[in-house]
Amino acid sequence: MKRIFLFIVTNLAVMVVLSATLRVLGVDRYITAQGINFQSLLILSVVIGFTGAIISLLISKPMAKWSTGARVIDPAAPGGSREAWLVETVHQLADRAGIGHPEVAIYDGSPNAFATGAFKNDSLVAVSTGLLDSMTEEEVAAVLGHEVAHIANGDMITLTLIQGVVNTFVVFLARVVGYFIDRTVFRNERGVGAGYFITVLVCEIIFGLLASIIVAWFSRQREYRADAGSAQLMGSREPMMRALARLGGLEPGELPKSFEASGIAGKGGLGAIFASHPPIQARIAALQHMRVV
């Protein structure tokens, strides 16, 4: 949950800064000077929407390290046999998945793990000390396979594209609603007034919350795919099923809110529609019915 929250917060922060800057520069007033110029508004919405998502993606790896306090393991000088095993296991899984070797990191915390990075060949896999201490090596390897599968599937890129599209609609619709509220409720006939800017701000918050349901749905689907990817990389579904079962009996480690959707375990937030992860039981059931080639 931690990683996705940070991604979304960074994304929204960039959107807000861009929106505010463009308002100060009078772009909103220009677009609505002669009624709404939908073509110009759409271009503005795309610029604001995708800029936030892309910047969030590009800084996702350093932000993840900073927010979790993760320590990257030097492959040439690991701090003991456990760290050496971690690096070797991640590299082997990456080779099977056909991607470059990710950086491998450890952070202190309850059982969890995550993967992040803008590019498949320049990514990061991090695992908590709590997870390492509570699982067998085979179960840890399955969790690492799950994270490597996220990278191989290009989940962060897809999330960025989805977030960009969602942002575009949020920005576009908020300004359309703001324009008509300013005209019909506040009776402003010249340019745009305070009613427009207040309505846009409120609508961006409301529409952004509703849009997060779409992002959460995608996150749940990618968890099923990553579970299946782990089973394929491990050559068996059993290790991942055992790892999930163990997680189901443990308190999921909380990642910083911005990165929650990247973790192996999450609490789901405000109800099922906002949950970044499916229920553990549903994930195990999906693995039971999959075919491992």
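Yeah, the Cβs are placed from backbone N, Cα and C, and that goes for glycine too.
Because the structure is a prediction, the values reported are computed rather than measured.
Taken straight from Swiss-Prot:
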TRANSMEM  4-24  transmembrane segment
TRANSMEM  40-60  transmembrane segment
BINDING   H146, H150, E223  Zn(2+) binding site
ACT_SITE  E147  active site
TRANSMEM  161-181  transmembrane segment
TRANSMEM  197-217  transmembrane segment
- Query: Within 10 Å of the Cβ of H146 (Zn(2+) binding site), how many other Cβ atoms can be counted across all chains shown?
  - Reply: 28
- Message: For the C-alpha pair, I'd like the distance in angstrom between E223 (Zn(2+) binding site) and E147 (active site), rounded off.
- Response: 10
